[in-house]
């Protein structure tokens, strides 16, 4: 279930004006076939990202659904950076998130990723209760990156506490998005196979609370030190999490994550947004070649 973030800025044909998301996905699928790594998943923006504006047009909706069905892709949308239903602007935000969820349903997108805030679980649950569930579309709560806040949602104790509240409140269609760069930035050492294995075994121990069917990953290395609180992604084995394992990749924490993802068939997205299409495709070619070797 491996794939990447598909930015229409970097993936669509120049001059594209109407069906740019579909065009981007078509080029992305062709690229995967070209490098010998057929993609099973993708992540897109259908709104924003920095403004509460829907940016998928009606023609694009029709063609995107056809594209997703044709290639049997699992696609998730990333919410805008304003999608914080536990904020003081929650009435407007909740309405906008509802629009995004309905569009996801319409075009065959399986989920919407929302950034978790560094706030108490009860506030998050109260915010989620304001959103009407949309059948077939999961809201994935993404692990945040922070250094000083009490609630980081990078430890299994805090993740379990949050999802127990979600389950006990009978909220439906809520999942977890684990960003490896974010949990590293929040102070979790996942560098070695053993370190990552310890964290992932703890995750497996709470599958009764948050099942793997509702877990996805943002598979990113990090350009900053463990516990920095800074969100800066890097290509796999090029950042501070796993670079020291670039010549012994099966001893790395990344290999342990790949094993978990494969064992439980979780979607995993590489989030790269480099300066040019050529830079992006060069980086992704190297990363997916490495992933292919880990999957053997």
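For all residues, glycine too, the Cβ spot is worked out from N, Cα and C.
Remember, it's a predicted structure, so these values are computed and weren't measured experimentally.
Zn(2+) 3 binding, as stated in Swiss-Prot, involves 231, 233; the candidate among 95, 115, 149, 182 given for that site is 182. Swiss-Prot lists 115, 142 as binding Zn(2+) 2, and of 71, 207, 214, 218 the one it places in that same site is 218.
Distances between the Cα of residue 233 (Zn(2+) 3 binding site) and those of the recorded positions 20, 142, 218, 271 are shortest for 271.
The binding-site residues 78, 115, 218, 233 differ in how many other CB atoms lie within 10 Å of their CB, and the one with the most is 78.
Residue 16 (disulfide bond) falls outside any helix or strand according to DSSP and counts as coil.
Counting only same-chain residues at least 6 apart in sequence, those with a Cβ under 8 Å from the Cβ of residue 271 (Zn(2+) 1 binding site) are 4, 5, 43, 179, 218, 220, 233.
Of all the disulfide-bonded residues listed here (16, 20), it is 16 whose C-beta has the fewest other C-beta atoms within 10 angstroms. Annotated Zn(2+) 3 site 182, 231, 233; additional same-chain residues within 8 Å of its Cβ mean position, judged by their own Cβ, are 145, 179, 181, 185, 218, 220, 222, 230, 232, 271.
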